[in-house]
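Participant: Here it is, the structure in full.
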Amino acid sequence: MAPAKKGILERLNAGDVVIGDGGFVFALEKRGYVKAGPWTPEASVQYPDAVRQLHREFLRAGSNVMQTFTFYASDDKLENRGNNLKLTGAQINEAACDLAREVANEGDALVAGGVSQTPSYLSCKSKADVKAIFRKQLDVFIKKNVDFLIAEYFEHVEEAVWAVEVMKETGKPVAASLCIGPKGDMHGVSPGECAVRLVKAGAQIVGVNCHFDPMTCVETVKQMKEGVEKAGLKAHYMVQPLAYHTPDCNCQGFIDLPEFPFGLEPRILTRWDMHKYAREAYNAGIRFIGGCCGFEAYHIRAIAEELAPERGFLPSASEKHGSWGAGLEMHTKPWVRARARRDYWENLKPASGRPQCPSMSVPDSWGVTKGHADLMQQKEATSKEELEQLFDKSKTH
């Protein structure tokens with residue numbers, strides 16, 4: 001038998017760097033396997049080869065965590081807004097666990113089962129109702145014996161705490177990741193206070209994912225770390241940001257950008273931006289470093305290459321990538337060969353190639369969150385009349 005892999009807490013307690021994977025819903029939407037809007041992960045059942053291949057690409061790039069493709073796989077979300085699927089959350093989650101485990105067993109990776117925010121919470125359902133949704137998902141993760149659990153993509157710390165409380169019942173290691181920025185959650189709870197609440201609820205790893213660019217996310221986790229230490233508590237820290245530049249975002253993050261979700265490509269970070277992000281996160285004391293929406297395998301490879309001195313090895317994918325552009329030494333054009341050096345790529349200021357475009361956008365600011373009538377969720381598809389009202393409202397913001 002193969003020796004048992006070190007668990008997530010064993011690795012973090014030893015000071016190891018744990019590299020996460022990337023954003024599955026965005027990557028698979030671009031590949032034609034996920035529908036934008038619902039963002040639900042039925043591809044784990046319908047197109048398992050696509051999900052399996054993406055796991056393999058992240059593993060080859062250096063990921064130590066195969067996160068199950070279970071984002072938004074609660075039954076209430078699967079039924080939301082007329083998303084009439086013939087699959088249950090349990091079916092999707094079981095298939096996702098099997099795919100993640102299959103690929104994790106091909107390398108030194110762990111399987112993380114993840115739950116995320118629910119329409120039921122936004123619709124002001126009770127704590128018991130929301131916890132029951134999480135518990136139903138976790139039953140599958142325990143059955144499939146995932147290595148640890150992640151409560152990810154929570155805009156409201158209250159709901160994340162509820163998720164953590166249910167996760168602690170399993171005895172598995174628990175990570176909790178909010179999709180917030182430096183201004184805190186959607187009810188104005190600061191990052192430091194959010195982290196304290198999550199640790200007190202039982203999370204051993206806390207941090208942020210999605211909604212903001214890497215440097216913004218690192219700054220947010222720094223605030224979380226300060227809050228936890230000030231409270232006399234201990235935790236490990238994680239960060240899994242967007243692969244998009246978001247200097248113009250408000251507290252809601254990239255969802256408020258006019259370019260969301262189909263026009264974000266001009267904002268994508270380069271692999272060299274990822275080197276800076278990885279170093280900044282490591283220097284901040286963060287040891288679980290990965291990505292979310294917009295991240296592709298080459299972004300994860302850049303993180304693994306930047307932190308290779310600390311990890312002691314390069315990822316398999318580096319065999320096809322020269323350090324800091326070294327492979328360009330073999331290019332046919334001499335001016336391209338002249339770019340085979342670190343200082344060139346570190347100091348490059350990429351152009352957008354779009355002369356008529358502004359450098360930043362004005363985010364939509366509707367100012368609604370849990371408890372507002374506009375966010376009450378429904379199973380029926382949005383009607384034409386309801387859409388017309390939204391179109392009209394968008395003109396006034």
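Cβ from N, Cα, C; glycine included.
Keep in mind that TrEMBL annotations are predicted by a computer and have not been checked by a curator.
According to TrEMBL, the feature domain 'Hcy-binding' maps to 6-307. Taken from TrEMBL, the feature Zn(2+) binding site covers Cys210, Cys292, Cys293.
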Participant: Using all protein chains in view, find how many other C-beta atoms are within 10 Å of the C-beta of Cys293 (Zn(2+) binding site).
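Facilitator: If we count other Cβ atoms within 10 Å of Cys293 (Zn(2+) binding site), we arrive at 26.
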Participant: Please work out the number of neighbouring Cβ atoms within 10 Å of the Cβ of Cys210 (Zn(2+) binding site), leaving out its own Cβ.
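Facilitator: Its Cβ shell of radius 10 Å holds 27 other Cβ atoms.
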Participant: Please list, in sequence order, every residue of the chain apart from Cys210, Cys292, Cys293 whose Cβ lies within 8 Å of the Cβ centroid of the Zn(2+) site.
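Facilitator: Everything else in range on the chain: Gly23, Phe26, Tyr153, Cys179, Asn209, His211, Gln240, Pro241, Leu242, Gly291, Gly294, Phe295.
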Participant: Near Cys292 (Zn(2+) binding site), which residues of its own chain have a C-beta under 8 A away, given they sit six or more steps off in sequence?
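Facilitator: Spatial neighbours, sequence-distant, of Cys292 (Zn(2+) binding site): Gly22, Gly23, Asn209, Cys210, Gln240, Pro241, Leu242, Ala243.
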Participant: Averaged across the domain 'Hcy-binding' (6-307), what pLDDT does the model get? Just tell me the whole number, please.
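Facilitator: Looking only at the domain 'Hcy-binding' (6-307), pLDDT averages out to 96.
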